[in-house]
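*Asks:* Copied straight from TrEMBL:
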- 343-354: compositional bias 'Basic and acidic residues' (COMPBIAS)
- 424-437: compositional bias 'Basic and acidic residues' (COMPBIAS)
- 438-448: compositional bias 'Polar residues' (COMPBIAS)
- 3-303: domain 'T6SS Phospholipase effector Tle1-like catalytic' (DOMAIN)
- 311-362: region 'Disordered' (REGION)
- 424-448: region 'Disordered' (REGION)
Amino acid sequence: MAKIIVCIDGTGNEIGDRDSNVLKLYRALDKTTQKARYFMGIGTYDGSQKFGRLRQAVTGFLGQTFGLGLEDDVLGAYRYLCETYQSHEDKEEERGSGNFANDQIYIVGFSRGAYAARILAGFIHNFGLVDANHIHLIEPVFRAYRRVTDFGKSASDDKVFQSLREYERVMRPQSAPIRALMLFDTVNSLIRFRRPLHNLRKFGSLAEIGTHANVNSNVSVRIVTHALSIDERRTMFRAQHWDPEPDADGQPVYYGNNFRHESRRRRQYLIQRWFPGFHSDIGGSPAENESGIGKLTLLWSLNELATAERQADAEDNAARKKAGKPPLPRPRSYGLKLSTRRANKDLKGLDPDARTPGGLPYAKPDPLAPIHNSFWHSKGAPLWHILEILPKSLKRREKGETNWFRRGLIWYLPLKEPRKIADKSDVDDSAYQRRDTPSQNYDPPNLP
């Protein structure tokens with residue numbers, strides 16, 4: 001059994017002096033025992049094109065504002081999985097009889113890279129992974145998947161999934177469960193200028209916010225860790241929560257594929273927590289010496305993953321014993337295996353003498369580390385101020401109480417509206433530690 005880790009970075013995030021959690025994790029992974037691939041964020045520069053930096057600036061703006069280029073990252077990651085993943089049937093055919101296990105797929109993402117991770121998982125849930133010989137045919141299949149959300153709720157499954165099923169007959173994809181999604185502050189701004197009359201009637205806007213099937217709930221995903229920003233306020237960076245399908249007891253449900261056989265019914269392990277800091281802080285992408293909040297969210301995610309995997313295996317083995325089946329193949333390890341040296345230096349900041357190539361010391365996890373207001377410390381900062389005074393449809397606003405000056409009839413002005421945090425949400429202790437430290441002057445209005 002191999003662990004395959006796909007790392008999809010956020011808009012504008014790339015290899016440099018402000019590595020995000022996605023890249024920090026990729027660098028720290030032990031790649032001798034695991035397979036991993038890193039995908040730079042939308043609007044990054046590969047140095048191969050004339051006027052590259054200008055092109056990067058334009059595509060970065062379009063990526064951050066409209067999500068342009070997001071689906072290219074999804075298809076790149078999908079092709080990698082098709083070439084790499086092996087099910088237990090594949091292994092039995094290749095190596096003969098034996099007690100083999102499926103490879104395990106982990107998808108890590110920050111910002112719109114986190115949304116791309118969810119699209120990738122949704123596409124695999126709805127279609128599966130194809131043989132490497134069919135990868136060249138995948139783009140029209142993805143377009144068919146994208147159109148699934150165009151159908152109304154009254155449409156039959158046969159009509160909604162007709163195109164995907166026609167491709168299945170030719171390409172014969174295999175289902176592949178997703179072991180874990182590790183997400184850092186998911187946002188989605190896939191703005192599409194189509195069906196203007198439909199959008200105007202339904203949302204009071206000529207544009208629509210694009211979405212994809214099974215990006216907020218997916219029964220093929222076993223574990224979800226999601227770190228969310230308390231302080232982010234940009235209207236184009238509203239948090240996209242994981243909203244799972246519950247069973248009768250209120251627990252999220254997992255089946256491992258879209259066929260929903262009762263014998264495969266298990267619990268989906270969801271850990272979704274709010275942390276102090278703005279969007280970049282949660283994703284770990286400020287300068288290294290000021291990235292203490294990001295180290296906190298990254299180590300939290302890794303620890304929660306390992307704990308959830310132990311619980312998931314215990315649940316699976318109990319079900320297998322009840323069905324008279326042998327336990328899961330051994331040996332099994334929990335969580336992602338890291339290079340000890342890299343983890344201690346890059347993630348935990350335990351080497352006081354170590355420096356980045358730019359000469360900065362490595363930060364430790366720190367709830368009192370600097371936080372970076374997105375309206376002043378991000379690319380395109382003047383644009384974000386302008387967007388806060390442009391009308392937005394009320395139907396696209398987060399539910400919950402708001403100030404009188406943000407109310408409206410059809411539209412409203414965002415005016416740097418805080419994110420909504422429900423009373424029973426899981427808030428990290430670091431937020432209260434920061435609030436209770438007078439020198440931090442920290443008391444966000446949305447903190448329960």
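Note: Cβ is positioned from N, Cα and C throughout, glycine not excepted.
Give me the local environment of each listed feature.
*Replies:* Using a Cβ-Cβ cut-off under 8 Å and counting only residues 6 or more beyond its ends in the same chain, the compositional bias 'Basic and acidic residues' (343-354) has close neighbours at 24-25, 27-28, 295, 298-299, 361-365.
Mapped onto DSSP classes, the compositional bias 'Basic and acidic residues' (424-437) shows 7 helix, 2 strand, 5 coil.
For the compositional bias 'Polar residues' (438-448), same-chain residues at least 6 beyond its ends with a Cβ under 8 Å from one of its own Cβ atoms are 230-231, 276, 368, 418-423, 425, 427, 431-432.
When pLDDT is averaged over the domain 'T6SS Phospholipase effector Tle1-like catalytic' (3-303), the result is 86.
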*Asks:* Could you give me the DSSP helix, strand and coil counts for the region 'Disordered' (311-362)?
*Replies:* 20 helix, 3 strand, 29 coil
*Asks:* Using Cβ atoms and a strict cutoff of less than 8 Å, what residues sit near the compositional bias 'Basic and acidic residues' (424-437) while being 6 or more residues removed from its termini?
*Replies:* 230, 271-276, 293, 296, 300, 367-368, 443-444, 447-448
*Asks:* Just to be sure I understand, if DSSP states are collapsed into helix, strand and coil, how many residues of the compositional bias 'Polar residues' (438-448) fall in each?
*Replies:* 3 helix, 0 strand, 8 coil
